[in-house]
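The transmembrane segment feature in TrEMBL is assigned to 37-63, 75-98, 164-188, 266-288. Here TrEMBL flags 39-319 as domain 'ABC transmembrane type-1'. The domain 'ABC transporter' annotation in TrEMBL covers 354-593.
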Amino acid sequence: MSTSPAESSTERRVLHASTRDTLRVLHSLPSAPTPRWWAALIIVMLLVQTCLVSSATLVGVVIDHREDTRAFTVSVVALGACMLVETVGRGGVLPWILQAKMAYLAMDLRVRALGSVFRTSMPELQHVGTGAIITRLTNDIDQATQTFGQAGAMLATTVLSVPFTMVAIGLLHPLFLIPFLIVACLLVPWAKKTQRFMDVVMNRISESEVDRNAALLDVVRGRTTLHAFGLEPWAEERTTRTSWGVVHEFGRGTPTTVWIFGRGYICYYLLLLLTVGLGMLLYTQGWISAGEASSAVVLVVRLEIHIFNLLNLAGQIQSAIVCTRRAVALALLSEKNPRPTGTNLPQALHEPDIRIDDLCFSYPQGEPIFDHLSLHLAGGTTTALVGASGAGKSTLAALIAGLQRPDAGSIRVGPVDITTQAPDTWITEHITLLSQEVHLFSGTLREDLTLAAPGSTDEELLRALHDAGVEPGGVLWQRWLPQGLDTRVGAGSEELGPEIAQVISLARVLLRRPPVLIMDEATSEAGSDHARLLEKAAEQAAKGRTSLIVAHRLDQAKVADRILVMEQGRIIEDGTHESLLAAGGRYAELYRRWRRGDSSSPVR
């Protein structure tokens, strides 16, 4: 139930894409901004900024012409018109342009990232971690979209307000640019320092959210196991701890926000005081009029809202940039980890041999699981893999199924080395791993089964269900599948019992007809009442192909053509059920202990 050890380390290794890659991916999306869109955005932004500085300048014109009725009236009307255009453009048109574009970009980026996930090898996805993938596909893209869509108009207005204000105030008198230069000399070093640690703060927050999401996924997926073992308090404590971890990281970022606002206040009020003082000096010297001095002050005062909007949004903007780069990194995952193209590989295998040579494997930051393991599974045979928990059985099954990548050595299925030659599409077409964790796709039972064999008729689906152990009209059928093939299964439907879920999973295998079948404790979730039924169905599924069964109960091993006993990543015994009993070794000991206990109990 816990997060894989590789998840956190790889999350830090594949943290985010570079700025160049981010811009390249965004530019390549179908909804990327076109020249026409940019032209419309620039025109609106220029119009808004022109009206903004013009309205401030017109305040001075109104003051200077307060005794000229005609000029005063024209100036007031022009001032009102500028403020109206600015308000409509800044509050309506700009947000509409940006939010609409952000929505399309978010959709395309999510599709691109999800497609990259589908094209990336399973070992790499497992190293990245489910929590990280879900966070990038959902929270990261949503947060970036909302920030750039909602705050984009304010950001665009703020970015242009400073240069437009400097041009306007410079036209009043060039000396008014001196306060801006003084403040810039203070602000640039502060901004560089802020940029350095803002990335660290936002990355810590994102990583804490990944840990929280991974913990929540574990609870949702393992709720049955948690209930069975009475681990609800542990799950609640773990979820609480990871959730508070997110709150803690947000709290650690609060001083950063205070630091930014403090410097912002210092810079702004220094700019305002210098402008007021300089305006008074220039006015008393007769170099500017009272209206021009007033316009200069109004221009700086109107900067306040934009400057503090920028400061208020600084954390959100930085977080949105980090989120975008993380999502783009996911979209580039398949490019960074290319898989073999699989050209000239055989497309039809019949009962292929499986040959493992000098296999070495260890989990990240873990001890070696396999050290130069060599093994040959004859084609068309059923091999049972027996051993205590932690012996390496499931890891070997995952390696053969392509869910993990060996550190060294080769795994050949027929003539194909799946570690270097085969893409995931070829592996999944020829090798099926059936585990105790069964997933049912949302929809009808018919739709779920036809995913394994598109185009199958209802008769073929019913035959597969029959061979998998459920008889149409029988007890299991009436209890769990009252509407037959039209019964709703998966998310949003009544949760099916583990025995019927395993039956559906076995039926999918029978429909798919893979040349190689690996069953990793595939019948262990069922209760003892249905265990024998599922074991018979598993025996049926193993026929006519090369099969490897990670035996959960030793009666599964008894009927296998060959039994391998694994201990600490090594094969310590190899033979048939009878020969291993006669040898009196580890298998015989396990079998005697199993027989003395409940024969339906698992081997541990």
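Each residue, glycine too, has its Cβ placed from N, Cα and C.
Across all of the domain 'ABC transporter' (354-593), the predicted model scores a mean pLDDT of 88. Away from its own ends, the transmembrane segment (164-188) comes close to residues 49-50, 52-53, 56-57, 60, 263, 266-267, 270-271, 274-275, 278-279, 282, 287-288, 292, 295-296, 299-300, 302-303 of its chain (Cβ-Cβ under 8 Å, at least six residues beyond either end). Long-range Cβ contacts of the transmembrane segment (37-63) within its own chain (Cβ-Cβ under 8 Å, at least 6 residues beyond either end) map to 71-72, 75-76, 78-79, 82-83, 85-86, 89-90, 93-94, 97-98, 101, 156-157, 160-161, 164-165, 167-168, 172, 289-296, 298-299, 302.
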